[in-house]
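Asker: The following feature annotations were taken from TrEMBL:
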- 19-422: domain 'Aldehyde dehydrogenase' (DOMAIN)
- GLU209: active site (ACT_SITE)
- CYS243: active site (ACT_SITE)
Amino acid sequence: NPYAGLVSHLRASWLSGKTRPMEYRVAQLEALGRFLDDKKQEILEATELDMGKPSFEAFFTEILLCKNELNITLNNLSSWMKDEYVDKNLVMQLDSAFIRKDPYGVVLIIAPWNYPIHLFLVPLIGAIAAGNCAIIKPSEISKNTERLIAEMLSCYLDNDCFAVVTGGVPETTRLLENKFDYIFFTGSPPVGRIVMTAAAKHLTPVTLELGGKNPCYVSDTCNVANVARRVAWGRFFNAGQTCIAPDYLLCTVEMQDKLMPALREAITEFFGPNPQESPDFGRIVSDKQFKRVQRLLGSGRVAIGGQTDEAERYIAPTVLADVQPSDPAMQEEIFGPILPIVVIANMDEAIDFINARPQPLVVYAFSCDSKVVNQVLERTSSGGFCGNDTLMHVTLTSLPFGGIGNSGLGKYHGKFTFDTFSHHRGCLHRNMGLETLNSPRYPPYTQQKLGLLTTTFEVKRRGTCTLL
C-alpha cells in the first residue's frame, strides 16, 4: 500500500508520546493560526479560482470562523484536558474515580470541496487539541485550494505528526485500506457508506458529516420580507453549495404568492438586476456539478431566475414554484442556487412531509408565533434546528454540529470537536490498604455479606413530592 509507510511513521510519532504534552498541542494550534494569517490572501484567491467564492464569504467562513474555533480551543484547552472526577459510592470514598481524555492515535480527516479550508481545519483543530497525529485528505475538486494546503501546511505543522495526502477516488480508496484510529469524513451519504464500510474492516470509529434535503417551513404568520431575505441569503450563499442551506420551502399557496415578489426583491437587493455581473455571487465548482444542478431546473415552473452560462458555470439565483414531490429537484440534495417551493395545506401536513423523508442535517421553521416554531422543533428529527433564520446556528461553537441518520453520525465544533477526537477513558485508582472494606464481596458468600454489599452499593431513587 502506497500510504502504509506514512501511516506507520505517524504512528511511531504518536507512540513516542510527542503529541501528548499541552505545550506541544498549543504550539501546533498556534502554527495553524499563523497559517491562516500568513496565507489569508492565498486562501481568498484559491477559493475564488475554484468556485468564484466572493472574498466576503470566503473570509467569513474559511478564515474568521476557523480563527474563532482556534481561539475557543486555545482559551479552554487546559480545562478540557483535565481529568474529570466523578461521583463514588460508599466503598470508594477514599479512592479516585475519573475520566481521562486520551487521544485516539492516528486519525484521518477527509474534507469536501465546498468549504475546503474550514471543513478540514476545524476537525484538525480538535484532533491536535486532543493529542492525535493526523492525515488530511483535501478534496481534489477544489484543486487550487488542494494545492495550497498540500504545499503550505507542511511549512507550519510538525511533519512527523501531520501529513497531507492529495488525489482522487483511487488514492482515497488506497488510503482507506490502512488502519486508522479514527476517521472524520465530510461529504455525501453514498461516499459516507463507503468510508464506513472501510472503517468497519478495522473496527475504526467514525464521524460522518453528510448532507440531505433540509426543509424550511414558512407559516402564514410571519414577516414576509424578513423571511425572504434570510432564506435567500442562506440558499444563495456560496452559490447554494452549502450542506446546511435550506433545500426547499414548505408553505401554503397563499404564502407562496406573498413570498415570490419578496424573494425577487431580496435577490435584486443582494445581487443587482443581473446576478451574473455581481461580485457577490459565486459559481458552481465543476462542469459535472454544473450539469447536475442544471438538470434540476426542469422541476415545477421557474418563477425567478433560471438563466445559465455553461462557460462560466453560472446558474442564476432561481426559485421554482409549484414543485411536486416527484420532481427531480426533490429527489436529491440540490447543492446549488435553486430554491423549490412545495405547496402544503398547513403546518401538520408540512411536518408529515418532513417526517416521511430521511432525517435532514437541519430543519428550518419561520413564524411570528413561537408556538409554531416549537411545534416543528418538537415533532421533527434532524441534526440541528434553526428557527426564524438560516445558517446562523453553525456560527455558535457552543452548539454541537452534526447529522442524524442519513445526514450523518457524530458531532463537532468547539469542545465537541475535542471530545470527538478524545477517547473518554473511565479510570478508578484504589487505595492499596483498607482491605476490610473489600471483604463483603469475597467468597464464601453469606446473606450477611449480601446485606452489607447492598447497603454500600445500592443506588436509591430520590423521593418525589407533589405540591397540591
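Glycine is treated like the rest: Cβ placed from N, Cα and C.
Unlike curated records, TrEMBL annotations are generated automatically.
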Asker: Compute the C-alpha separation of CYS243 (active site) from GLU209 (active site), stating it in Å without decimals.
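Answerer: Cα of CYS243 (active site) to Cα of GLU209 (active site) measures 9 Å after rounding.
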Asker: Tell me, how many other CB atoms lie within 10 A of the CB of GLU209 (active site), whichever protein chain they belong to?
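Answerer: Step by step: centre on the Cβ of GLU209 (active site), count other Cβ atoms within 10 Å, giving 26.
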Asker: What is the pLDDT of the domain 'Aldehyde dehydrogenase' (19-422) when averaged and given as a whole number?
Answerer: 97
Asker: How many neighbouring Cβ atoms, not counting its own, are there within 10 Å of the Cβ of CYS243 (active site)?
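Answerer: The Cβ of CYS243 (active site) has 27 Cβ neighbours within 10 Å.
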